[in-house]
Structures are given as structure tokens and as C-alpha cells.
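Read the structure below first, then the notes.
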Amino acid sequence: MSALNSLPLPVVRLLAFFHEELSERRPGRVPQTMQLWVGCLLVILISMTFEIPFVALSLAVLFYGIQSNAFYTKFVAILFVVATVLEIASLFLIYKWSYGEPLIRLIIAGPILMSCMFLMRTHRLGLVFFAVAIVAIYGQTFPAMLDYPEAVVRLTLWCIVVGLYPTLLMTLIGVLWFPSRAITQMHQALNDRLDDAISHLTDSLAPLPETRIEREALALQKLNVFCLADDANWRTQSAWWQSCVATVTYIYSTLNRYDPTSFADSQAIIEFRQKLASEINKLQHSITEGQCWQSDWRISESEAMTARECNLENICQTLLQLGQMDPNTPPTPAAKPPSMVADAFTNPDYMRYAVKTLLACLICYTFYSGVDWEGIHTCMLTCVIVANPNVGSSYQKMVLRFGGAFCGAILALLFTLLVMPWLDNIVELLFVLAPIFLLGAWIATSSERSSYIGTQMVVTFALATLENVFGPVYDLVEIRDRALGIIIGTVVSAVIYTFVWPESEARTLPQKLAGALGMLSKVMRIPRQQEVTALRTYLHIRIGLHAAFNACEEMCQRVVLERQLDSEERALLIERSQTVIRQGRDILHAWDATWNSAQALDNALQPDRAGQFADALEKYAAGVATALSHSPQITLEETSASQAILPTLLKQEQHVCQLFARLPDWTAPALTPATEQAQGATQ
């Protein structure tokens, strides 16, 4: 700890980031890492034995292809086969009409690249077109490196083998031999979330970061999609299992902030918590067995009062409704998403994005051809790889690519100088490469925030030490050229994406926040009664809120990187946005607490009370996008009926009023603390 205290704050944050990424717990990560690791070693063995070129490309196919579960791996493998056919066909089309004419070759390749980049952003199968764009650009380097058309055709045909045999390999490893099923990962993930919930129910623990809670909720939703596609039993009882996922997400996120020491430590409360934990354990056992949980648990009037006293009644009701739900309830028909985005042909940003990518590639091609430096052709690949929809995400990808390339180049340099002279056979080579590939595979299976570092590190290492050589290599020039090519491509892309039609999310962020707050207002309009339809609707909208707040948080992180914006305006926007996100999360949890008390109120009173909050929040959200929102002020009517029934509800709603008052004033020139207390709120 003392050593960390002496380091600069940015370094400490970077180390904390990598510690979080490398230690991430995710069902299926270990099997995916092992599949990727074994696949890399087999690719090296096969390529070296049969002298198959482009080892780095084969490794890239593995890193992009092996996914977290067997169904997803099979789906990506099919896409890769289709992409290989399309990309080789496009290359032969280009070579046939323009092999000896670089200008004509670029004129033909340009529209192909633009079409692929356009479809990558607008089509559901964007990954296919991304692969075609990569090969279309990479193939332009073949005629420049070789003077014989026959050799170029032979290399292009080798690309079919290079793309398809790793695809076959990952299908055998990840789908047939050692499959990691989505249903197994879902059972493990649900039980892990319930374990965390029980820990917070029984012990006083520090709450986990809200971003982690939201990512876990999104991960469960993604697994649910794979389970629906891959498991027949899950599809048959999908309505119950989707309710189970929503219930577990609600219990996990609610108990994350639960502190048992905040309530009276009476014997009745202790026994009730133990009983609740016992029911959660029964749910865990049913999930492990893959069975729909059915419970005959009922809450007596005294237990209901105890649950209300310790703010656990709503959790009990969600468990009760799940345990009493018919497993054969027919699911709600899901709407089929369109293959193209709605504004694909009306939004000019998509075509501008394709033009910017082509412009960056042409600049790099002109540069490395003009200086006659073929070794830096990776600059063209970099322009395609780091091309992202907006400035912030492009900068993030550039940092990841540069970081991965730097680590890969350092490893390649050390490997060439210190290890290569001592190697005599393929077995020794595989033993030395094993820890490098294992490290790259573990990083590549982390979250999207850092996974590309592992992929780029292994690919750069292979480009410098294993590419097109089938024996010991001591050429340090390859390491230098590959790293410089990536740096040049990164610099060119940064300039193009910053100054040519920059797509800033600074205008989109307030709209995103307004959408999240609008969803929160919908939650407040749901009747706060323990009725099946209302409670299920509440749980599903609540999951949508997790996704909305997480998307806003990620967008804030990208806007921070948009250096083309005025620094003061950017800082003010980020500060206000983060305040809205933080207060929105607090308001959601505070509103949860009112459910434990509001159900005892008369139904005629409740909608009017909840409507005050929803109206105020909707009015505030409508002005966020136009920077015309003031902090909401709410006046609560303290009727004698409400005071007589449940005085604690007034305190809970007053707390919500206080959180409303802390929402930032978007009309002020700078953020200032709220000086006026919200009406109806107490200190």
C-alpha cells in the first residue's frame, strides 16, 4: 500500500483498472480462455508443420471467433465462412481488372471498403462486412510486395486455408469437443448473484459499485438470449425463466445497498432474515437442478409487518410471485428486430464514417508506397480496425491497439534476443509460446474495455516472430516495422476522425440521460401494489434502467476523450451528466423503499401521490436535452389518512424529494450546490 501511495494518481488508477479487468469473475471465462489457449498452440503446430503462411491472421481468426459459449462460437464460425467467401471473391475481382494498375485497383477497392464500413454500422451482421473490409485492404499489399501475378494468386488462395482451418479448429474445440453451454453459465451466474445477495442480507458489507451491478444485469440478459436460442427446455418455459432472471437481478441489485445494522436487531427480524435466506437457498437449488422453482411459502401478517419494518417486504413478494408462477405460462411473442437500422439511408453520419475510413487508408497507402517502405503496411489495417462510430470510442480503440502492439513488440524483442537462439525444435517453441498465449487469451476474454489488448498483443507478437517463417528468425526489422505501422495508422486515424466530420456524443449524451430519466418516471407511474402484472412490469422496466444508466456512464467516459470540444464545456457536461446518473440511481433505490410502505395506502390516494414525482421527473427530463431543466421542486400533501396509515412513507418520499432537489440545474453557468431545500423535504 505504501508503494501505491508514492505513485502518481493516473498510474494508480491504471493499475486498479487492470486489476479489475484481470480478476473479473464471469461464467465461461475460464473455459473460453483454455479453448483459446489450446487453439493458438494447435495453430502454431499446424502452420509450422505444413508451412501455412499468415500465422498471425490464423491467430486473429481464433481470437475473434472463439466466444463465451458454444452457440455463439458456432454462429460466428458460420459468419466467418461466409466472410471468407466474400472477401476472397472481392480480392479476385480487384486483381482481375486492375492487378498492374495501382490507381485502378484503389478505385475498385475504395467502393468495396466504403460499402463494407457502411454495412458494418447499419446491418445486424456487421462482423461479416468488417472481415471483408480487413481482407480487402490487406490484399492491396500483395501486388506491391510481389512482382509475379501467379505468386499473388497463390497467396490469395492460401488466405482461404488461413481463414477456414482455424474456423474448423475452433468449431471442433468450442462446439464439439469441449463445449461451454450458455444454460450452464446462466445457472452459475444466477447462483453467484444470489450468493452475493445472501451475503449482503446477513452481513454488513460495503456495497459493490453500481457499474458492476449494472454490467452483471446486462450479462444475465445476454445469457438469456443465448439460452433461448440454444436450449429447448429454456424456450418451453421461457416465461418463467425470464421472470426468474428479472427477480434475481432485482434481489441482487436491491440487497447490494442493504445494511442489516440499520434496523433494530430484534429476534423477529433475525428469524425472518434467516427464513428469507432459506427460501433463496431453495431457489438456488432448483436453479442448479435446472428446474422451475415452486414454493408453498406464505407470509403471515406478523411476518409481513416484520418484513416492512426491515424493508424486505418487496423482495419477499417478488420471491412469492416467482414461486407461485406457472412454469408453463406462455411467453410473450418477441418482435423480430430489423436487419438494418431505421435511419440507415437518411442519416449522413454512416456514409461519412465510411468516407473517413477510406480517406485514412488512402493516406497511409500513399505514404508507405511513396517512401517504398512495405514493412509498415499494418498502418492500413489499423485505420480499419480503430474505425468506430464516434471520436471517443475511436480514441479508446486506438489506445487499446497501441497498448497491445507495444506489449507485443516488447515481448517479440525479448523473445528474439533472449529465447530464440536457444530453441532447437517445435516442442521447445510451443513450451515457450504457451505462457505468452495464455496471458493474451486471459486478457482477451476480459470485458470489452480491455479485451482487444490481448488480441493485439498476440497478433503483433506473431507478426514479428512467426509470420511466414518456419524456423528461427533473428530479424529485428520486422518488430520495428510492424510497431511503426500501427503507430502511423493510429496517428492518421486520430487526425482524420478529429477534424473531418467528427461525430461527437456531446449532443447525444443529454438525450440519452433524458431517455433514462423518462424510463425512471415510467417506473414511478406503476401502481405500488403487490399485484402480479404491476410487479412484473416494474421488474422488467427496472432492468431496462440498469442498461440505460450503464449506457450513459459509458458515453460519459467516451465524451471525456473528445478533445476537439471546449475543455470547460466538456468538463461541465461531464459533471452534470455524472450527477444525473448518480442521482438517478439513488432515486431508483429510494423509490424501491417506498414500495414496502405504499401498498398499505388506499388505492385512490396512491396514484395521485406517485404522479407528482413522475410529472416532475418527466418535466425535468424534457428540458435536459435542451439545457433548460431546473432542479425539480415537489410539494407533498400530508393528508390525515396517509399520516394515520403509514407515517414512514412520508419520510421515504421526502427523501426522494431531497434527491430530486440535488439534480443539477442545466441552465446555470456552472454547477452549484442546491441552496434551497425541496418543499416537503426534511433534513
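Every residue, even glycine, has its Cβ placed from backbone N, Cα and C.
Annotation source Swiss-Prot lists transmembrane segment at 43-63, 75-95, 100-120, 125-145, 158-178, 402-422, 426-446, 457-477, 483-503, citing sequence analysis.
Pairs of Cβ atoms less than 8 Å apart link the transmembrane segment (483-503) most often to 402-422, out of 75-95, 100-120, 158-178, 402-422, 426-446. Here the transmembrane segment (158-178) touches the transmembrane segment (75-95). Their Cβ atoms form 3 or more pairs under 8 Å, with each pair 6 or more residues apart.
The stretch in closest packing with the transmembrane segment (426-446), judged by the count of Cβ pairs under 8 Å and taken from 43-63, 75-95, 100-120, is 43-63. Sequence-distant neighbours of the transmembrane segment (75-95) (same chain, 6+ residues past either end, Cβ-Cβ under 8 Å): 61, 64-65, 67, 105, 108-109, 112, 125, 127-129, 131-132, 134-136, 139-140, 143, 149, 152-153, 156-157, 159-160, 163-164, 167, 170-171, 175.
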